[in-house]
């Protein structure tokens, strides 16, 4: 792809997300979502392969359907309330349709089937954009309309997302599909708390973005797309293997890593609101995600292909390409748990 085209698409992604974030009118928020969708499709089809083209078409169809529902619900809300302000969606039917449309855009269950298939068919860096940057704009709309949402609907979406996100990743061997199912489960955690404590959703989103970007960058640097390809990564790049291990354990929510913080705070808020059964179901669903994270770690650290002793020293001679954001993102995704009291105070 031409550097000029890549620059235009990247700036369009930034413009679309910024428009949605700062907009207080439904039409401009919708325009931002559309710019985002149209800008990411050329990045998804960059390899000019039939699989990437198929994935881009699937993504476009899902996003176009969701955008149509968003626009229809905004018009329906305006016709009954005479309000185009983004944060005011007082009509119950419009709120229901808006929630369903945003769930489709985020890949929440039961509208999640496109996420693993699309992620698997595109390059790692395009998958990183799909599972990180493309989540910001829909969640910002969720944040703005959070007082008008239906709690029962959110509970159904979040529980099914966390359970199916964990269940779907159990028998996967493709790393992109595993990260896609991980994204579905994390979106479920963000959805359940957005009505009770919206600030926790933003905190969870930031930490999820840091961890997922770290994983994709390291996998792209090592050209790893399958679990068995990680078994030789320890010989080639021991630091990358350590980063993958820490990031996966953090995504699984194990203390004392950063990923434990949002799960801890969300469960605490749910218990404070007497949603103890819901908190228990979310906590148990995390074990499913943790299982396939541990499977990756086991395959990459405790199993190796038979090799001569000289190959075990390759990491010392391997030409490492330094990617500057990786160390910073690793620290954010692994070592911020001691700062939990500060985040509680700020929120």
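For all residues, glycine too, the Cβ spot is worked out from N, Cα and C.
Keep in mind that what you see is a predicted model, and the values were worked out from it rather than measured.
Per Swiss-Prot, the features are as follows:
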TRANSMEM  2-22  transmembrane segment
TRANSMEM  25-45  transmembrane segment
TRANSMEM  56-76  transmembrane segment
TRANSMEM  96-116  transmembrane segment
TRANSMEM  122-142  transmembrane segment
TRANSMEM  149-169  transmembrane segment
TRANSMEM  178-197  transmembrane segment
TRANSMEM  202-219  transmembrane segment
TRANSMEM  241-261  transmembrane segment
TRANSMEM  278-298  transmembrane segment
TRANSMEM  323-343  transmembrane segment
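Between the transmembrane segment (122-142) and the transmembrane segment (178-197) there are at least 3 Cβ pairs closer than 8 Å, counting only pairs 6 or more residues apart in sequence, which means the two stretches are in contact. Highest Cβ pair count under 8 Å relative to the transmembrane segment (278-298), across stretches 25-45, 56-76, 96-116, 178-197, 241-261: 241-261. Tertiary proximity for the transmembrane segment (241-261) is limited to same-chain residues at least six positions away from its ends with a CB under 8 Å from its CB atoms, namely 182, 186, 203, 207-208, 210-212, 214-215, 218-219, 230, 233-234, 286, 289-290, 293-294, 296-297, 300-301, 326, 330, 332-338, 340, 343. Residues 103, 106-109, 112, 115-116, 118-120, 127, 131, 135, 139, 142-143, 146-147, 149, 151, 154-155, 157-162, 164-166, 168-169, 172, 204-205, 208, 212, 215-216, 227, 251, 262-263, 266, 269-270, 273, 278, 282, 285-286, 288-289, 292-293, 296, 347 of the same chain lie 6 or more positions beyond the ends of the transmembrane segment (178-197) yet place their CB under 8 Å from a CB of it.
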